[in-house]
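Visitor: What Swiss-Prot records for this protein is below:
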- Cys538, Cys541, Cys563, Cys566: Zn(2+) 1 binding site (BINDING)
- Cys555, Cys558, Cys580, Cys583: Zn(2+) 2 binding site (BINDING)
- 521-533: compositional bias 'Basic and acidic residues' (COMPBIAS)
- 370-469: domain 'PH 1' (DOMAIN)
- Ser128: phosphoserine (MOD_RES)
- 1-151: region 'Disordered' (REGION)
- 487-533: region 'Disordered' (REGION)
- 589-620: region 'Disordered' (REGION)
- 713-737: region 'Disordered' (REGION)
Amino acid sequence: MESGGGSSTPPGPIAALGMPDSGPGSSSLGKLQALPVGPRAHCGDPGSLAAAGDGSLDTGSTGELSGSLKIPNRDSGIDSPSSSVAGENFPCEEGLEAGPSPTVLGAHPEMALDSQVPKVTPREEADSDVGEEPDSENTPQKADKDAGLAQHSGPQKLLHIAQELLHTEETYVKRLHLLDQVFCTRLTDAGIPPEVIMGIFSNISSIHRFHGQFLLPELKTRITEEWDTNPRLGDILQKLAPFLKMYGEYVKNFDRAVGLVSTWTQRSPLFKDVVHSIQKQEVCGNLTLQHHMLEPVQRVPRYELLLKDYLKRLPQDAPDQKDAERSLELISTAANHSNAAIRKVEKMHKLLEVYEQLGGEEDIANPANELIKEGQIQKLSAKNGTPQDRHLFLFNSMILYCVPKLRLMGQKFSVREKMDISGLQVQDIVKPNTAHTFIITGRKRSLELQTRTEEEKKEWIQIIQATIEKHKQNSETFKAFGGAFSQDEDPSLSPDMPITSTSPVEPVVTTEGGSGAAGLEPRKLSSKTRRDKEKQSCKSCGETFNSITKRRHHCKLCGVVICGKCSEFKAENSRQSRVCRECFLTQPVAPESPSPEAPAKPRRSTEKTPTADPQPSLLCGPLRLSESGETWSEVWAAIPMSDPQVLHLQGGSQDGWLPRTIPLPSCKLSVPDPEERLDSGHVWKLQWAKQSWYLSASSAELQQRWLETLSTAARGDTAQDSPGALQPQVPTGAAAP
């Protein structure tokens, strides 16, 4: 190098440490070649001694530093020190006489470069130029060095991700210990009721044991002791990830738990004192109980993010690739379970809000109901076309047409009309004097509605039409497959019985041949449905019904709605059988002069029975159901393969039952005590929130199969994931589950 006019010293060590060079006279390639990295590179070589002996920095002709070129250590993530002032000491300048020492940058052996510092003559310095392209024969060597740096950075980043996972897991286990062993234990010792403790902390003890006794120890052993020989995470996570589904129960209960904490803090001084005394401790970090309760809700999505980052850095041919991908799939499933539970809780909260707005006029707080859309709308008067303010609530099974109430608190709307989605029609209309109008037509009445804009009208029409179509698709699940259930009830029915359907929800079974009550074979099974009740006129004479002089009746054979004049009466075993004229003339109800010696033939039931689900199911079959434990009804129950976490129940039309769908992950199962004295065989109880149902099977074995399948779904799992999973069932003939 030149100083003032002058002499030169070997620039290698200075360049390697990022010291100022001599300006235009130094070569960038020479600096890279002089970088003392590698296992044999040390500060005791001749070039280093020469540099250490000269404590002054080279300057240009002006006496100032000619440059401060910074040499980054490329992909290793470590930058060399930038330019420093004269006399600054670096680690490799201390103890030079002590012989070989570790490298300054601690580089991997694969990154080792030539440790010999080349001697650069003044002529070579004068001929070199910083802006020149590097020598062609040195270019492959530089490419090899960059490739080595890139290969080294991958394993290091994987190790950093693993260490981050371990660190966050240790912190998380401490939070779980705080919730389980401090808050929960102290509140229990203080005498807080057990049901309150369970409502607040749910299954936090199980989550704590899983992480503290299984996941954390395995991660710690692998990352701190075995990583050099077995750098893998996928095998551990794949083995333990299925247990993360237990978070579903905690997440579903979270909002209720937070509400309990707030309520008991306000109403119980003892509860408040215990919680506040713990929150003041250093282990709480000045955070509230609710804040710590939130951590399990957020933990599973964090696993998913870390594992995605790990897979992104993992080479395609790595031995851990398949295990890591499978682990991500399982963890994503657990995260989806948690998210689904959150969405169900949010939907239920919305239903409860609407229930309060309606003042409890309609019992809509049912897990099968789903609020799809609500909004203000105007109804055009049928008399003079005057617009009137109204409010619509669109659910998956009905529309509530409401009138606003002028109240600041409490009930906001009164239900004027309830319209079932089944049989509903929506139609766009164009009127010359009124814009943005459409008509909703139900079984009992039609509503002409108006929106503020054309876009709002189109949105309402599209959403209502989509809801109608979806309801039709769901109703087809319960179409005419009554042979499986009705034959099990009545063996006299032929397996080849033709099945027809007059509606997507309620099938009608027709028979050919055979004998019926008193020598009569019904042509159809009768049913008393809501649709029949809503019919306005007699099918025979056409006169309009009213509640006083023209009442509705049903034919006991074909089920049509008729008036009293159009029916005939015949005594039969001290009972009356009302039939229409057509059925009476074709096939009389009873012989006009029955023989007292003739044995009475068993009368075939004219009521429809629940029908089977044609879709493949994990478990399906006939059950008995009761909401009170006293009155029982026959139902067809099915857990479909397409959605194994819901229970479909289809009841007989004589019970006025509509299809019900019960979300199983939010339900609780129990077997009633013998003291309850439920006289219906093998019974168990299914409970959701404040609603409960009693279900009864025909045998203990069948009861056990239902309990196992329902329990699996209630835990947020699926039958396919559990050992000994049930085989899918397709109802055919009279097969029972």
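Residue numbering: from 1, along the chain as shown.
Quick reminder: no glycine exception, Cβ is built from N, Cα and C everywhere.
Each of these features: where is it, how hidden is it, and who are its neighbours?
Guide: Cys538 (Zn(2+) 1 binding site) falls within neither a helix nor a strand when secondary structure is assigned with DSSP, and so counts as coil. Remark: Cys538 (Zn(2+) 1 binding site) has Phe545, Lys550, Val561, Ile562, Cys563, Cys566 as non-local neighbours, by Cβ distance under 8 Å and separation of at least 6 in sequence.
All protein chains included, Cys580 (Zn(2+) 2 binding site) registers 25 other Cβ atoms within 10 Å of its own Cβ.
Each residue in the domain 'PH 1' (370-469) has a pLDDT score, and their mean in this model is 88.
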Visitor: Can you tell which of the binding-site residues (Cys541, Cys558, Cys563, Cys566, Cys583) has the fewest other C-beta atoms within 10 angstroms of its C-beta?
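Guide: Cys541, out of the binding-site residues Cys541, Cys558, Cys563, Cys566, Cys583, has the fewest neighbouring Cβ atoms within 10 Å.
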Visitor: Closest to Cys541 (Zn(2+) 1 binding site): which of the binding-site residues Cys555, Cys558, Cys580, Cys583, going by Cα position?
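Guide: Going through Cys555, Cys558, Cys580, Cys583 one by one, the closest to Cys541 (Zn(2+) 1 binding site) is Cys580.
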Visitor: Looking only at DSSP and grouping its letters into three states, which state does Cys555 (Zn(2+) 2 binding site) belong to?
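Guide: The residue in question, Cys555 (Zn(2+) 2 binding site), is coil (DSSP, three-state).
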Visitor: I need the neighbours of the Zn(2+) 1 site defined by Cys538, Cys541, Cys563, Cys566. Which other residues of that chain put their C-beta within 8 angstroms of the C-beta centroid, in sequence order?
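Guide: Here the nearby residues are Ser537, Lys539, Ser540, Gly542, Glu543, Lys550, Ile562, Gly564, Lys565, Ser567.
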Visitor: Looking only at DSSP and grouping its letters into three states, which state does Cys583 (Zn(2+) 2 binding site) belong to?
Guide: helix
Visitor: Specify the count of other C-beta atoms within 10 Å of the C-beta of Cys555 (Zn(2+) 2 binding site).
Guide: 26
